[in-house]
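These notes concern the structure reproduced below.
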Amino acid sequence: MRLSARGFVWSALLACTASALSEAAATASNSSQTLRTCVSQALVAGDVNTRIIDPSNDTYTDARLGEKIQFNEFPALIAYAKKAEEVASLVRCAQRSGFKAVPRSGGHHFEAWSALNGTLVIDLSHINHVNVSADTTTANVGAGIRQGALYLALDEHNVTFPGGICPTVALGGLVSSGGFSLQMRALGLAAEYVQSARVVLADGSLVTASSSSHEDLFWAIRGGGGGTYGIIVDFDLQLMQFPTSAMVAISWNASSDRYPVAQRFFDWAPVQIPAFTSQVNVYKSSINFLGQYLGGTENELRKLINESGLLNIGTPTVYISGNCDTDNSRLFGYTSYECVPANETNRQIMNVLPEPFSQYSDYPQYQYENEPEDPSIPIAEPWARFNRISKSFFMQKDNILPAADLKTVIDMMGQLDTDSEIWGEWHAWNISSATKADYAFPWREQAYAHLEFQVHGSLTNSTKQATYEKWFADLETYLRPKIGVASYSGEMDAHISTNPFESYYGDSVCRLVEVKKAYDPDNFFTNPDAITPTVPEGISC
């Protein structure tokens with residue numbers, strides 16, 4: 001058969017293309033094998049084959065998922081580190097093999113950006129030690145420790161740390177975002193109680209960041225975003241004892257009560273005494289209120305609530321309890337509505353495993369040294385995974401949301417179906433604590449309240465999923481121009497309509513860029529909304 005000149009050219013092009021694709025596939029395969037070989041040598045603490053997961057493993061799907069069920073991010077390899085030195089070696093492996101390294105402490109990233117496509121995920125969940133000092137004023141704590149396990153470990157020394165409520169959130173992500181809690185109006189954010197941190201840099205070196213060493217890095221890693229400047233492997237935390245508290249939980253089951261309760265909450269809660277921090281949880285047809293009076297008595301709290309005006313709305317169910325120790329305070333409104341003696345407290349929900357999440361579908365679960373912090377009490381039930389869709393907004397002190405706009409938003413929530421499990425978790429801020437340190441979190445002084453919205457997306461019904469996504473797009477379009485640009489970096493949103501760097505980092509952006517340039521000039525540690533070593537588009541420095 002004779003080929004025309006054109007046919008010959010096309011045949012040659014196809015042959016070249018096939019050859020190029022074959023070479024590219026071979027190169028990728030060789031790179032992956034090079035990475036795996038290096039990682040095998042880096043995991044010096046043993047159990048190498050168990051601590052490396054790639055797409056050939058039947059536990060890969062479980063291992064790549066954190067809390068969010070998603071089918072967008074497929075890392076090349078997941079390595080479960082046990083010591084800081086392993087993390088340093090793993091970073092060097094990624095560099096040599098041509099891969100990015102992505103740290104994962106708790107797996108709660110709202111967009112699943114702690115397991116990015118084609119990367120080496122360095123999982124820190126087994127760097128979860130808690131070493132309390134002899135005088136119990138400080139502790140060295142692994143960045144992968146989950147909050148529930150941390151609190152149980154500190155209970156043994158009759159001390160604690162002002163972190164959040166969710167027991168499966170890890171310390172690394174909490175501090176990197178700022179870290180708010182039901183004690184924050186009196187005590188400030190979790191990041192303020194970090195005395196130092198050890199950080200693996202992009203070149204694989206391990207440095208200590210504190211107020212006297214690598215001060216710029218120390219500033220950035222507290223509230224300047226996670227997985228950006230280096231990989232934090234552990235923290236030195238300042239510990240404390242909480243005074244006994246009084247707790248309140250109030251619920252309303254009439255849909256018509258949602259707006260008046262929420263409006264009263266925003267008018268009243270953020271301007272109460274700093275010892276009182278509270279939130280409302282707004283649903284499709286109900287609303288509830290939760291508050292902690294740190295150091296207050298039951299009578300003091302009853303007086304506060306009686307004067308709030310909340311009890312004049314609808315027919316509320318009210319629970320108020322006093323003399324609540326630290327664990328009772330954290331459990332109140334979630335697993336109990338009564339503060340009981342310490343030896344009667346059911347702390348099961350806090351006794352989370354290093355791998356705490358529920359099984360997804362019939363995919364086998366990854367298990368490695370999955371032991372609870374306290375083997376003497378029942379293990380926490382697996383934390384449910386779901387397809388989260390969410391948004392975050394800060395209400396600023398100089399831009400309080402008008403009542404009519406709040407009502408519109410609540411009416412929008414009522415339009416979603418029951419399957420969405422729509423939830424607005426709205427916290428009173430207006431932090432007046434004098435403990436503020438110099439750190440990167442940008443909204444501490446101006447935040448009046450924080451509003452998070454979330455639904456359970458549908459994995460099986462594309463029409464329903466599209467409806468939910470449009471609802472969030474409509475919420476962004478309606479609410480963002482009215483409430484402002486500020487959002488919480490711990491609740492990132494790929495579909496935010498504003499410049500994400502301005503929204504998450506505010507006036508800290510330019511200083512954070514300088515830190516990034518100093519410690520990671522080649523942008524080795526990155527995710528779609530991470531600070532870059534050059535000034536981001538739309539930002540003026």
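Residue numbering: from 1, along the chain as shown.
Quick reminder: no glycine exception, Cβ is built from N, Cα and C everywhere.
Annotation comment: Swiss-Prot describes 1-20 as signal peptide, evidence class sequence analysis. Taken from Swiss-Prot, the feature N-linked glycosylation site covers ASN30, ASN57, ASN117, ASN131, ASN158, ASN253, ASN306, ASN343, ASN430, ASN461. The domain 'FAD-binding PCMH-type' annotation in Swiss-Prot covers 71-242.
For the glycosylation sites ASN57, ASN158, ASN430, counting C-beta atoms within 10 A of each C-beta gives the highest total at ASN430. For ASN343 (N-linked glycosylation site), the nearest of the glycosylation sites by C-alpha distance turns out to be ASN131; the candidates were ASN57, ASN131, ASN253, ASN430, ASN461. When each of the glycosylation sites ASN253, ASN306, ASN343 is scored by how many other Cβ atoms sit within 10 Å of its Cβ, ASN343 comes out lowest.
Under the DSSP three-state reduction, ASN253 (N-linked glycosylation site) is assigned to coil, being neither helix nor strand. With ASN57 (N-linked glycosylation site) as the anchor, the candidate glycosylation sites are ASN131, ASN158, ASN253, ASN430, ASN461, and the one with the nearest CA is ASN461. Under the three-state DSSP scheme, ASN343 (N-linked glycosylation site) falls in the helix class. Between ASN430 (N-linked glycosylation site) and ASN306 (N-linked glycosylation site), the C-alpha separation comes to 22 Å. According to its DSSP assignment, ASN131 (N-linked glycosylation site) is in a strand.
Listed glycosylation sites near ASN158 (N-linked glycosylation site): none (candidates ASN117, ASN131, ASN253, ASN306, ASN461; Cα-Cα distance within 10 Å). When the alpha carbons of ASN306 (N-linked glycosylation site) and ASN253 (N-linked glycosylation site) are compared, the span between them is 20 angstrom. With respect to ASN117 (N-linked glycosylation site), the closest of these glycosylation sites in Cα terms is ASN461, chosen from ASN131, ASN253, ASN461.
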